[in-house]
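Asker: According to Swiss-Prot, the feature ATP binding site maps to 12, 13, 14, 15, 16, 17, 18, 19.
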């Protein structure tokens, strides 16, 4: 195991391909100690309020996340200690009672729409990536994902996108692009960018 694990931040708009890019990196190093942690896992617990109120929460605002807890757990992993990561229930709009045990790794991919927005998170990262995808593609992907995986109606997805997701993208997510070391147009289909990133990671891991 490396003396200091590598932390890679991957961000971009909802439906922009962050997870696909993260998994492409993950799958490129099958023999390495590497894991992905999603900022979504750290949405705040909302079990104390009604379901109707949870639905109204702005999930694209920094205040929706317990980023303090995420930072605390990342520091534990950096120190070589395992953590129990929360598991978020998208259909109930709150944390579940379950957690996932994450052991320390050599490479930790931190993925989420706002992971470059918080300076404290950025300071923990060795490589910062922004996945830059066209707005039309992102909304189509979001509709497909939320209807199939999260059981949501088309009407609710479009309403949330126009009233919350799009404004928050321009207020918080897009401005964080200036902090990225690498901007990846077209996401995982940008093979050249993915190869360059993997080469950098491999050089750090000593696999070249």
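Each Cβ is built from the backbone N, Cα and C atoms, and glycine gets one as well.
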Asker: With a radius of 8 angstroms around the mean position of the C-beta atoms of 12, 13, 14, 15, 16, 17, 18, 19, what other residues of the same chain does the ATP site pick up?
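Answerer: Result: 113, 131, 133, 138, 141, 187.
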Asker: Including all protein chains displayed, how many Cβ atoms other than that of residue 15 (ATP binding site) lie within 10 Å of its Cβ?
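Answerer: Excluding its own Cβ, residue 15 (ATP binding site) sees 22 Cβ atoms within 10 Å.
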Asker: Any idea what DSSP makes of residue 19 (ATP binding site), helix, strand or coil?
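Answerer: Where residue 19 (ATP binding site) sits, the three-state DSSP reduction gives helix.
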Asker: Using DSSP and three states only, what is residue 12 (ATP binding site)?
Answerer: strand
Asker: List the residues of the same chain that sit at least 6 positions away from residue 17 (ATP binding site) in sequence and have their Cβ under 8 Å from its Cβ, in sequence order, or write 'none'.
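Answerer: Correct list: 131, 133, 141, 187, 188.
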Asker: Which chain-mates of residue 14 (ATP binding site) that are at least 6 residues away have a CB under 8 A from its CB, listed by sequence?
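Answerer: Within the chain, residue 14 (ATP binding site) has Cβ neighbours under 8 Å at 60, 113, 138, 142, 165, 169.
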